[in-house]
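Participant: Okay, handing you the structure first.
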Amino acid sequence: MSRNLYYTGPPKFIIKGIMNSTALPQEIQNLTRARFADWLNAHNIAPYRADQVFKWLFVHRAESFDQMTNISKPVRTLLAESFIIGRLKIARTQQSADGTRKYLFELSDGEHIESVLIPEEDHFTLCVSTQVGCAQGCAFCMTAKKGFVRNLTPAEITGQVLGALKTLAPEERLTNIVLMGMGEPLANYDNVITSLDTICDGDCGLQFSTRRVTLSTSGLVPRMAPLGLATTVNLAVSLNATDNKTRDMLMPINKTYPIEVLLEACRTYPLSNRRKITFEYILMAGVNDSEKDALRLVKLLRSIKAKVNLIPFNEHEGAAFKRPDDAAIERFKQILHDRQYTVMTRQSKGADISAACGQLAADIKKYGQNK
């Protein structure tokens, strides 16, 4: 699949003349393996060296070109002159009582993002950010209060995975990636696609199965079909309401792409065999948790290969919404279940360290002295 060599990061990160070895060094992780092979070919170096270099970067997690002992010294010298191996700095770490870990990453320009490592029964899931801040303005999300600062580069997206992997004990396994952290992934489309290429590269990349990678969108409709053609990762859609008036209030993007437009994009989304779209539904007391809402949701999802992830609202300081009581949550779930939908109720983890759904804000002051 063809990818653009250039990515759409902030001006200071734009790659200029990367095919020219005299350009300023750039982070090599901003390239797909295929584009790096093109660069090697342009410098009269056998393209198969791209496989070797990427294995060093993402399988062996080398931090310098000198560690790449099966690459000749002249090639290593050229690589060191042309590229840098970027690594994100973990500025702070917090651990929840339930074992959830939240990482505050410091970027090269001084900005901060957060990632969350979520413990499951026998593995971990990493929630990854794709932007510094977010422009979507969802009423229930703390990231929205930060506003949009910039897109993350491919290196900064994959760097969160590498950073988390480095903290794992030998017996701990990271098997799942969810692009559900700070930012709207489809608003940073090119960089996200480039990073997914590396994350899901089973030979020389981070080696995650596409079945274990999920991208969540607020409903940026024009980018949905291209996503389905570019990758087979799982799609999750943050729906959160069953009528346009409520969704307009919760998610301003609905004024541009209302529910009927969003769901039509879901109906025509190029799903792989036996896959379903996950519809995320944050339950807020008195807002979208009634029996009528549940019945409308059933009607809306007809003819879509769908499953539903119910997320009881995670209350936080200054929040305008409340979590429904357990009876309301169970009633909503049962209505969907009785209509043969696969329904999960997300068990919120990390709420005591503001690491649960909707709570990421990269507020360094909340970390205190906890390293």
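We number each residue from 1, going along the chain as drawn.
Every residue gets a Cβ built from N, Cα and C, even glycine.
Copying in the features that Swiss-Prot gives for the protein in this structure:
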ACT_SITE  GLU114  active site, proton acceptor
ACT_SITE  CYS357  active site, S-methylcysteine intermediate
BINDING   CYS134, CYS138, CYS141  [4Fe-4S] cluster binding site
BINDING   GLY183, GLU184, SER216, SER238, LEU239, ASN240, ASN314  S-adenosyl-L-methionine binding site
DISULFID  CYS127-CYS357  disulfide bond
DOMAIN    120-352  domain 'Radical SAM core'
Participant: Sorry to bug you, but what's the C-alpha spacing from CYS138 ([4Fe-4S] cluster binding site) to LEU239 (S-adenosyl-L-methionine binding site), rounded to the closest Å?
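Facilitator: It is 11 Å, counting Cα to Cα.
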Participant: Which residues in the same chain, at least 6 apart in sequence, have a Cβ under 8 Å from the Cβ of CYS127 (disulfide bond)?
Facilitator: SER115, VAL116, LEU117, ILE118, VAL178, MET180, GLY181
Participant: Taking just the CA atoms, what is the gap between CYS138 ([4Fe-4S] cluster binding site) and the residue listed as 'active site, proton acceptor' in Å?
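Facilitator: Pair distance, Cα basis, whole Å: 18 Å.
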Participant: Taking DSSP as the reference, which of helix, strand or coil describes SER238 (S-adenosyl-L-methionine binding site)?
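Facilitator: The three-state answer is strand.
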Participant: Measuring CB to CB from CYS134 ([4Fe-4S] cluster binding site), give everything in the same chain under 8 Å that is also at least six residues away in sequence.
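Facilitator: Correct list: CYS141, THR143, ALA144, LYS146, GLY147, PHE148, MET182, GLY183, GLU184.
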Participant: Which of the three DSSP-derived classes (helix, strand, coil) applies to ASN314 (S-adenosyl-L-methionine binding site)?
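Facilitator: Where ASN314 (S-adenosyl-L-methionine binding site) sits, the three-state DSSP reduction gives coil.
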Participant: Taking every protein chain in this structure into account, which of the binding-site residues CYS138, CYS141, LEU239 has the most other Cβ atoms within 10 Å of its Cβ?
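Facilitator: Compared across CYS138, CYS141, LEU239, the most Cβ atoms within 10 Å surround LEU239.
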Participant: For SER238 (S-adenosyl-L-methionine binding site), which residues in the same chain are close in space, meaning a Cβ under 8 Å from its Cβ, but six or more apart along the sequence?
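Facilitator: Once residues fewer than 6 apart are set aside, SER238 (S-adenosyl-L-methionine binding site) is near CYS138, SER216, THR217, SER218, GLY219, MET251, GLU280, ILE282.
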Participant: Do you know the mean pLDDT across the domain 'Radical SAM core' (120-352)?
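Facilitator: Averaging the confidence scores along the domain 'Radical SAM core' (120-352) gives 95.
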Participant: Round to the nearest Å and give the CA-to-CA distance linking GLU114 (active site, proton acceptor) with ASN314 (S-adenosyl-L-methionine binding site).
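Facilitator: That comes out at 17 Å between the alpha carbons.
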